[in-house]
Structure formats: structure tokens, C-alpha cells
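Quick look at what Swiss-Prot lists:
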- 10-30: transmembrane segment (TRANSMEM)
- 50-70: transmembrane segment (TRANSMEM)
- 82-102: transmembrane segment (TRANSMEM)
- 115-135: transmembrane segment (TRANSMEM)
- 161-181: transmembrane segment (TRANSMEM)
- 187-207: transmembrane segment (TRANSMEM)
- 235-255: transmembrane segment (TRANSMEM)
- 275-295: transmembrane segment (TRANSMEM)
- 311-331: transmembrane segment (TRANSMEM)
Amino acid sequence: MIEYFCEYMFPLTVIALKVVAITIPLILCVAYLTYAERRVIGLMQLRRGPNVVGPFGLLQPIADAVKLLFKEPIIPTDADKILFILAPIITFVLSLIGWAVIPFSSGVVLADINVGVLYILAISSLSVYGIIIAGWASNSKYAFLGAIRSSAQMISYEVSMGLVIITVLLTTGTLNLSGIIEAQKTLPWWIDLMLLPMSIVFFISVLAETNRLPFDLPEAESELVAGYNVEYSSMGFALFFLGEYANMILVSAMTTTLFLGGYLPPFNLSFLDCIPGFFWFVFKVGFLLFCFLWIRATLPRYRYDQLMRLGWKVFLPFTLFGVVLVSSVLFYTDNLPSV
């Protein structure tokens, strides 16, 4: 019995504890990201934001969660009930399992696999299925149109994201996310300079990938009421909401890992090494999340034709040129990484 526990149950228990240790803080971060968004946008619009529930409004996310938990879940009469219930669950679960390969600090990662980049790309591609299923199962023209918009938007910008990631792989020579971070320690400054415009394209692409302003066309209130989640209430709506914000944090962590050095200090100074890598990781992710909120508070929504034109006629040729340029420069300067 003891041998069985040591061989089979103990490893499973350790994995389960690791999953819980990542999931619970992440859900809390998602809850308080909604609070931060309302406060930041309120300050930018010269108003207070939530400030009544608890000191400085810090209990507002808990009040919102309790409210949504006790609301009545209403399923439309003509909806496909099984798919209607499954759609928000799929979206939320996919937004969580992407964290399995994100390194929080040196050696602190749930699954340090050698194809971490491909894993993240696969998960981000699958996340649109929950939205498509929601649009189809709702049996509503607004929800279905929002789902179609989301799938077209994802396809358009996933291509540019993939090409940008190829430039990172060319400079680091590995698909392992921890390896990418460690490789950034020794990259010459001119390679970082070449990757700067690619990182900007990547960040704009993840804005579109997560359906955030100025690319929130799948849920445009003025056109589609609320888009793919128009028929959802109670915990179904809450799971979509949590999935969107969990995806925001995930893509911010991905951008941090690929372009900002992950858990490494921002400058190569010896006294910064005494600060834990987890602090730098959280600081960089927090900065990118603030950029998400800043953009939402200041920029108007794109028209749908402008969104498609930007993806196919601007970003696609630009990233293709970037791949050719980076690979050519690395080849002729003999800086291609050894694989």
C-alpha cells in the first residue's frame, strides 16, 4: 500500500497541489483586475470608481461574485442546452490551463516542457471554440454574429502572432519558455532593437486575440447588444468574464516571457539580482495589464473592415518582412543560435 502511494498517488498529489497553488491566486488576480480596471478608468474619467463596498472599495469584486452566484441562470427556450452550458466552462478552463508552462521565476514552473511556445499557441487557438459554441448554442443572431466575428478576428491575428514568435525563436534557438528567458541574458543590444517593432505588433495582436478595445468587435454593445454572451446570465456570464480577464493576464505573461526577459531584472546590474525573480515577473505583467486598461480608457473601437485590413494588409506583410530581416541579419552576422 505504501509503495503504491509513493509510486502513483504521491506524484498526483503534488501535481494537484501545484495546480491549486496556481489556480486560486490567479482567480483572485482576475477578480481584482476587474476592480483595478474600474478604478483606473474612473480616475482617467475624473470620477471615483467603486469606493463603497469595504475600504477603498476593495470588497467590490467579492460583492460582484456573490451577486452573480445567486442570480437565476436563464437558458433560452430554443437554445441547445448542453452546449449552452458547456461554452463558458470551456472558455474558462482553457484560459487557466495555459499557465502550466509559464515560468514565474527560475525553476518555478508547473510543466517545463520543451515545446512550451507551441503549447501556448495551441491553447490560444482553442479558446475561440468556447465563443463559437456559445454563439451557435444561444440560437440568437446577435450571439452568432459575435461568434463569427471572434473566429475571423482570431484567425487574422494568430498568423501575425505566430510570425512574430518565429523571430523570437530565431534569436533564442529554443521552444522552451524558460530557455527563451535565459537566452535573453546574452542577446546583443542590436537584436533587442530589431525585436522592438515585432514586440509592438505582438502586443497589438494579443489585444485583438483577447477581444479588448480597440478590437472588441465580437461584443460591440452598439452593434450586437453584447455579442456572443448576450443570452448569458448568472455564472455563465461570470465564467466568460473570468475567462476574458484570465486571458489578459496570460497574454501579458506571454509577452513578458518572450520580449521583456520574464523573471530577469530589467537592467544587468548586480544589486538587482538580490530581488526575487517573481517580483520582476509580476511587475512586468502588471505594467502590461495597465497598458490594457489605459488603451480601453482612451481609444475608440475600430470598424470591422479596419480591423481586417490592419491584420491582413499591414501586420501580415510587416511580420513576414521581419522574419526575413531577422533571419538574414542573424545569418550574415553569424549569430544564429546553436540548436
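One is the number of the first residue shown, and numbering goes on along the chain from there.
Placed from the backbone N, Cα and C atoms, the Cβ positions cover glycine too.
Same-chain residues lying 6 or more positions outside the transmembrane segment (50-70) and placing a CB less than 8 Å from one of its CB atoms are 31-32, 34-35, 38-39, 42, 234-235, 237-238.
Contact between the transmembrane segment (187-207) and the transmembrane segment (115-135) does not hold: fewer than three of their C-beta pairs are under 8 Å, each pair 6 or more apart in sequence. Remote same-chain residues near the transmembrane segment (235-255) are listed as 26-27, 29-31, 33-34, 65, 68-69, 71, 73, 84-85, 87-89, 91-92, 94-96, 98-99, 102, 120, 124, 127, 130, 134, 199, 202-203, 206, 209-212, 228-229, 281, 285, 288-289, 292 (criterion: CB distance under 8 Å, separation of at least six residues from the stretch ends). Within the same chain, residues 96, 99, 110, 242, 245-246, 249 sit at least 6 positions outside the transmembrane segment (10-30) and bring their C-beta atoms closer than 8 Å to a C-beta of that stretch. Residues 153, 156-157, 159-160, 163-164, 166-167, 170-171, 191, 194-195, 197-198, 201, 204-205, 208 of the same chain lie 6 or more positions beyond the ends of the transmembrane segment (311-331) yet place their CB under 8 Å from a CB of it. Outside the transmembrane segment (82-102) by six or more residues, the chain places 22-23, 26, 75-76, 109-113, 116, 119-120, 123-124, 126-127, 129-131, 133-134, 136-138, 177, 229, 231-232, 235-240, 242-244, 246-247, 250, 253-254, 257 with a CB less than 8 A from a CB of the stretch.
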